[in-house]
Every structure is written in C-alpha cells, then in structure tokens.
Amino acid sequence: MNKLKQISVYGILIVSSIISIFPFFFMIVSATNKSVDVSSGKLLPGTNLFTNIKNLLATVEIGQALLNSAIIAVTTTVLALLVASLAGYGFEIYRSRAKDIVFNILLLSMMIPFAALMVPLFRMFGTISEIAPVIGIDTLASVVIPTITTAFLIFFFRQNTKMFPKELLEAGRMDGVSELGLFFRIYIPTMKTTYAAAAIITFMSSWNNYLWPLVVLQSPKNQTIPLLISSLGSSYSPDYGVIMLAIVIATLPTALIFFFLQKYFVAGMMGSIK
Amino acid sequence: METTNLNKSIKQKSEKYKFKPKKGLIGWIFILISVILICLFYFYPMLQALLLSFQSGAGVNLQFVGLENYTRLFSDPTFLAALFNTVIFFLIQVPFMIILALMFSVMLNNKKLKFKGLFRTAIFLPAVTSLVAYSVIFKYLFSNNGIINTILMNLSIISEPILWMSDPFWAKIVIILAITWRWVGYNMIFYLSALQNVDESIYEAARMDGASAFQQFFKITIPMLKPIILFTSITSTIGTLQLFDEPMNITGGGPGNATLTISQYIYDLSFEYTPDFGYASAVSFAIVVMIVFFSIIQFKLAGDKK
C-alpha cells in the first residue's frame, strides 16, 4: 500500500514536470525546424536554425525591439526602485498616524484594474502630446512614466524596512549625517538583497508588459518584444520556425535572470508576504 | 566597509540611544514623489473613468447621458458574454490552480522525496515566461492540427482531433489550462515556503492518533496555510478578473465571443471599434465592482473558518 502511494507520487510529479517543460522543449526544437516540420508535429531538432535566424532578421526589427524593451525595462526599474524605496523608507522610518492613513489609501490603488485606467491614461497622454511630444503618445517615455510607481513596490520596501537595523540610523545621526544622507549612504548599501529582489520583480513585469504598450505605442520603430511576438503570432501566413525562434530570444533574458539570481527571485516573491 | 565600521560604532552607541521616529516635514519629503505619482496615474484616471462612464459618444464628441451606459450594460449581449466568460475563468481556474499548487507543495515537502529540486524547478519554470510568449506557444500547441491532438491520438486517448480553437467549450478549456500551466508553480513556491515553517511534530502527533493523509491535509495543512492561501487567492482573483494577454493571443476572444474577457472588450470598445470611451469606462467599473466583491467574500470565508 505504501509502495503504491510512493509510486503514484513519483508518477504525478514526473508527468507534471514533463507537462511543465514540454512547451519549452517544443519552442526550442521548433526554432531549429522548418515551418512545415513544426506544423506536421516534428519533435526532433532540425537543421534550419540559421535559415530561421536569417528570415527573422529579414522580416522584423527584432534588434530594435530588444533595444526598446531593454531601455524601457532598465529605466523603469531604476526609477521605480528609487521612488518606491524612498517611500517605503519614509513610511516606516518616519512613521506617524497621518502617514499610515496615506499609506493605506495608496494600497487601495492595487485594487484598481488596469483596464479601467487605460482609456483615461491614453487621453491624458494625448493631451501631453500637444504640450511635450517627447513624452507623449508613441514614445518610450510614455510607457515608462505611468508604470514607475506601484503601491505593491512601496509596500514591498516598507515590509523589508521593518527588519532594517534602525540603530544604524541613530549612529549616523550622531555622526552628523543628513536625513537624506542616511538613506543614500546607510540604508541603500545595507538593503542590497531587497533592492536586488525588487529589481527582478520590476524588470520582469516591465519586460513582459503588453497591454499599455499596445495602447500607447503605434509606430513599428517603437515596438517592444511582447508587441512583436504578438503581431508575429497573429500573422496570416505564419512561419512557425521563425516565430518560435523569436519567442526563444524573448524568453532568454528572464530565464537567465531566473537561473542566475534564483535566490533573489524567490526572495522577491516572499518579500511581499512577510 | 563603511557600513561595517558604522556597525561597530552603533553597537556602542545604541545602548545609550534608542531609535525614535523623527517628527516633522522630512518624512513627508520621502513619500512625496510616490504620493504624487500614484494620485496622478491611479486615482486621477480612476476619477476620470468615473466621469467618462456618465458620458457617451464617438471619439472626443462626448455628451452627458447620466446612467444610460450602466443600463446599456444589462442589454448588451457582448458584455454579458464577456462577463460570463470572465466569471467562469475565475470560478474554475483559481480553485483548480490553488488545489494543484497545494498538492504539489505537499508532495515536494516530503523529506524522503528524491529529485526534489529537479521537480520544483521544472514545475516553477513556466513562471519565468512572458504572458504573450507562452500564449503564442499554446496557440500552436492546441491548434486543431497541432501537436497536442497528435500526441493524444497517438496515445489513443482520443480517436479524432479535438477542435480546441473552434469549439466554444474547448476554447475555454485551453485558456484555463494555459493560465494554470503558467501559475501553478508560482503559487506552489509560496505554499512550500510556508510549509517549511510548519512544525513536523504536529503531523507526527496526528499520525499517532491515527489521522489519515487526507485528514492531515484538511485538518492541519490547510488551516496552517490559510493566510497564505488567502493571499494567493486574492492576487489570483485580481489577475484572472483582468485577464487580457492570454485570450488576446491564444484565441483572440473567439470562437464567436466564447473566450472574450471584460478587459478585452474594454480594449475593443476603446481602440478597435469606433471609440466609445464613455461606455468602455462603464464596462471597466464592472471589473472594479467584481474585484471588490470577490475580495470581500474571500476575506469573509477565511475569517469564518476560524
């Protein structure tokens, strides 16, 4: 009886692992195959990789899209970390009843679905376009600006600041460090793990963001990776090998982050529930 | 270096001085940028959406129409279809995924299990994919002559291909399977880390009293993990009620409107059809109401069990 139970546990885990990995396997193998072979269900690596690379470069501006996505994700991450950690620190270190009320009001914004904000934001950036076209509709800046601050990230930093050794600050004050100096010279260097985890969360969600760029970006030169994949996927005569290659390239950065920074990745997930 | 030096000097000083929050304006300066940005990009647009929802018209020619948009909701078959689909996705997918994630976490929490790390990584791996990228892969995997049908037929599970993409029922199943594939491992990690904090001796005591594995699961594991289950079910609820990327890229909302979600309908109303921003805003408040409603219900359910 116990043996049977053990076998079924391993059976379930093996089958589930195969199901989890199969789409990755399919994607990588298909990237090396001709379109016909992919649609006929070939599951062995082929020899068409270099042709697929050539065709991909010929049909879409994947280099430009990678660059756009990278610019957006890096800018968002740097600004988001700075703004949210300042706030998380402020709410916790300079705690007062009034600030706690403000904090709770900010948290309410997590309940607002993006679909409800999309139209007003689009109209807002339409107005901005008339005054300052460089940050208006169809610019990379317009993707970054509304996504810099999330209540989640402020919450994340506040939760982690609870464990920050506050004696460090008192000591700094004794040594005559200014309040802003305490933040930049003591808090930031001490909280490296928190920043790393927050950077991963923000980078991933910015890299993968789809709906807002779809709304606000129009010209092909501003296309991001998710927009490019989506338009490739919905083309009328799809070249499956080429599409799968594009997806492999799009998935690579986040997969590498996961494999090399797994510790911070999980810390980022857990940091929100401490 | 600087911090280690500081560390030493603190140890001496902290005995004399206890940390007190500093009063005054300085604290507000730290939170100022965030407060402005959240008001500007969340609360102000939300207010705008509310005002827009009382107006109607094509493009920028908007007129005040009172509650007309809201009454229109109840007689709009596309909205009702999108509402139905979204609720179905939420009611089936969220519990299905949470139960699977709980099952995996209990299995992987077993100390005697071999290849634990391998299984954990494999099941978590889907969580690193971009929503658009995995959606496109699923679209091809589940196409009518795709690899899933081929495999199922070779294994003699089915005798003829399932029309995943052209049958309203199966199209919904594909969306549910896809989201579950993407998020089970993610949720499992939360449960696993919570389970590691549960004292093993509780289970030992239960086994001594003759509790079965099922009883242990429902009487010990579930109550112990309740806060974290609540957290994951609320975040999953908010996510599923806003579903957009997957139906957009796997089924395009079809066949017919069988997988159309509310977010997708708002997008269509605003940017695909002749833009009707007023009505689109009224539709978006349907999601707001549902998020608040289902979150409260879940809090209540979790509270009552105590």
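The first residue you see is number 1, and the count goes up from there.
Keep in mind that glycine also has a Cβ here, set from the backbone N, Cα and C atoms.
Copied over from TrEMBL, here are the features:
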- A:66-261: domain 'ABC transmembrane type-1' (DOMAIN)
- A:7-29: transmembrane segment (TRANSMEM)
- A:65-89: transmembrane segment (TRANSMEM)
- A:101-122: transmembrane segment (TRANSMEM)
- A:134-157: transmembrane segment (TRANSMEM)
- A:194-212: transmembrane segment (TRANSMEM)
- A:240-261: transmembrane segment (TRANSMEM)
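Sequence-distant neighbours of the transmembrane segment (A:101-122) (same chain, 6+ residues past either end, Cβ-Cβ under 8 Å): 91, 137, 146, 150-152, 154-155, 158, 211-212, 215-216. Beyond the ends of the transmembrane segment (A:240-261), by six or more residues, the same chain brings 26-28, 30-35, 37-39, 48-49, 51-53, 55-56, 59-60, 62, 66, 196, 200, 203-204, 207-208, 225-226, 228-229, 232-233 to within a C-beta distance below 8 angstroms of the stretch. Counting only same-chain residues 6+ beyond the ends of the transmembrane segment (A:194-212), those with a CB under 8 A from a CB of the stretch are 69, 72-74, 76-77, 80-81, 84-85, 114-115, 118, 121, 143, 146-147, 153, 156-157, 160, 188, 224-227, 230, 253-254, 257, 261, 264-265, 267-269, 271. The transmembrane segment (A:65-89) makes contact with the transmembrane segment (A:134-157): 3 or more of their CB pairs lie within 8 A, with pairs spaced 6 or more apart in sequence.
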